[in-house]
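What TrEMBL annotates here:
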{"type": "DOMAIN", "residues": "2-136", "note": "domain 'Photolyase/cryptochrome alpha/beta'"}
{"type": "BINDING", "residues": "233, 246, 247, 248, 249, 250, 383, 384, 385", "note": "FAD binding site"}
{"type": "SITE", "residues": "317", "note": "site 'Electron transfer via tryptophanyl radical'"}
{"type": "SITE", "residues": "370", "note": "site 'Electron transfer via tryptophanyl radical'"}
{"type": "SITE", "residues": "393", "note": "site 'Electron transfer via tryptophanyl radical'"}
Ligand SMILES: Cc1cc2nc3c(=O)[nH]c(=O)nc-3n(C[C@H](O)[C@H](O)[C@H](O)COP(=O)(O)OP(=O)(O)OC[C@H]3O[C@@H](n4cnc5c(N)ncnc54)[C@H](O)[C@@H]3O)c2cc1C
């Protein structure tokens, strides 16, 4: 009889989860595991903790919710604070696991961990890996190989919209027969145990939400169906204050608390039942950006993290400590940049408009090594996603996929998007 292990990484959900679905379809008895990998909490070469407290808290909430949801399916979730390559083989031995199911990854660190686990298993278990983080599945896109992914987003979007279909979500697995697994009790580590200091999120936050699949679907319910904010998304998405100017789905998407496919099909349902307009389409348009950066990273691999980016461009980048700390602390000559940086430090969130401006200021105006900025974002952002973060930073630094290589005029951006200084006052008063 098969004994299977579902290894959760950043696909922390039970709905529309192909990895879990396949395991339940194919396997006899199932357990699940999540590892808080110490390498995710180390300091990076740029001097910041890879995962800061806001993202960690969101992740912990996500795992707690997953554990409860899996319980209803009679699947125990083992939670470890430790290396996957040590804990998973031990678990496999204890429960005579034959098959492991995990989401397929391609970025260096993730691949390295999966390889280490495979090595430690010494061929004793079969590792099933599937891509499950896309809107357009790699099998559905109109390209023979990732090398053909266009360098310009609009080309990619138009070709995919024309030729690629979006898979229907897979069903939630049925409850498994009760198995008398022994010693299934494990606990979430505390923030302290992960080497972080807990800090309260500032009450002015635009992201007053919790992690987890339940909260993700609650947000869809509120943003789509109850308030119908989706009907005006394109008109409000450049806002700066409050929870409703944009969907705020990014953190749940980054942790895989909800799939991009599920969001897409929910938009389609909304369009059929309530209203279809440019705004409802635009949320899908943005989800295609999210996919695009994943494909850019599949195509270009480690170039995503190189100073010359995917264009191999040589600029005279600097690393001036004072400039970097002034940027981080919100102490630059622009109030608009400062307000955004203070919001990020106090909440782990910043609007898309803010992110573009502070990144452009850092990389284009101050010519600082853009990877330092990207690494600071990685540490702070509650919705950090390796492809979206490094891809957007490359784009804004002029070493990525921006065909126009724009530099933001911060003054005019601030006049346009914060004409009454409401946003800058919100974050610069009392701070
Ligand atoms: C320098 C920089 C760094 C960024 N880092 C990240 C990151 O680490 N993680 C992340 O999810 N997004 C990142 N973004 C993209 C974008 O800012 C956020 O996705 C968005 O602000 C999240 O808020 P929302 O969910 O309300 O977005 P909405 O406006 O409601 O958009 C809906 C969804 O579309 C996707 N999306 C929207 N804009 C983009 C974009 N430019 N690139 C990729 N996907 C997009 C997100 O999944 C988002 O949740 C970054 C942008 C910049 C300029």
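Note: Cβ is positioned from N, Cα and C throughout, glycine not excepted.
Known features from TrEMBL, placed on the structure.
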{"residue": "233", "record": "FAD binding site", "DSSP class": "helix"}
{"residue": "247", "record": "FAD binding site", "DSSP class": "coil"}
{"residue": "317", "record": "site 'Electron transfer via tryptophanyl radical'", "DSSP class": "coil"}
{"residue": "370", "record": "site 'Electron transfer via tryptophanyl radical'", "DSSP class": "helix"}
{"residue": "383", "record": "FAD binding site", "DSSP class": "coil"}
{"residue": "393", "record": "site 'Electron transfer via tryptophanyl radical'", "DSSP class": "helix"}
Under DSSP, the domain 'Photolyase/cryptochrome alpha/beta' (2-136) has how many residues in helix, strand and coil?
57 helix, 30 strand, 48 coil
When distances run from the Cα of residue 317 (site 'Electron transfer via tryptophanyl radical') to each of the binding-site residues 233, 247, 249, 385, the nearest one:
385
How far is it from residue 383 (FAD binding site) to residue 370 (site 'Electron transfer via tryptophanyl radical'), counting Cα to Cα, in Å?
19
Please report the distance from the Cα of residue 247 (FAD binding site) to the Cα of residue 393 (site 'Electron transfer via tryptophanyl radical'), rounded to the nearest angstrom.
21
CB contacts for residue 317 (site 'Electron transfer via tryptophanyl radical') [other CB atoms within 10 A, all chains]:
16
Residue 233 (FAD binding site) to residue 393 (site 'Electron transfer via tryptophanyl radical'): how many Å between their Cα atoms?
24
Longest CA-CA distance among 233, 246, 247, 248, 249, 250, 383, 384, 385, per record bound to FAD, angstrom:
22
When distances run from the Cα of residue 370 (site 'Electron transfer via tryptophanyl radical') to each of the recorded positions 249, 385, 393, the nearest one:
393
Out of the recorded positions I have (233, 247, 317, 370), which ones have their Cβ sitting under 6 Å from ligand 1?
247
Surrounding CB atoms that lie within 10 Å of the CB of residue 233 (FAD binding site), all protein chains:
24
Pairwise CA distance, residue 249 (FAD binding site) versus residue 393 (site 'Electron transfer via tryptophanyl radical'), rounded so that it is a whole Å:
20
